[in-house]
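Some features that TrEMBL has for this protein:
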DOMAIN    5-72  domain 'Ig-like'
C-alpha cells in the first residue's frame, strides 16, 4: 500500500513585522499532525524563547519572538 504524500494546502506567505515584535508564520498541510521541520536556510530551527512551534491538526505555525533583520 502506497502512502499518500503530505502536501501544502496553503503555503507560507511573505510577512513583514516591526523589529522587536513577534510574527507568526503558518502553513496548512493535507494530512493532520504530519511531522513538520522549520528551517532557516539549511539549518533546522529548535524550539526556544525565540522560536515557538505549534501544530494543531493540519495547521503548522512558527512564531518568531523579538524579530530581528537576521530573521529574514
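Cβ from N, Cα, C; glycine included.
Note that TrEMBL annotation is computational and uncurated.
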Give me the mean pLDDT over the domain 'Ig-like' (5-72), rounded to a whole number.
92
How does the domain 'Ig-like' (5-72) divide up by DSSP, counting helix, then strand, then coil residues?
3 helix, 26 strand, 39 coil
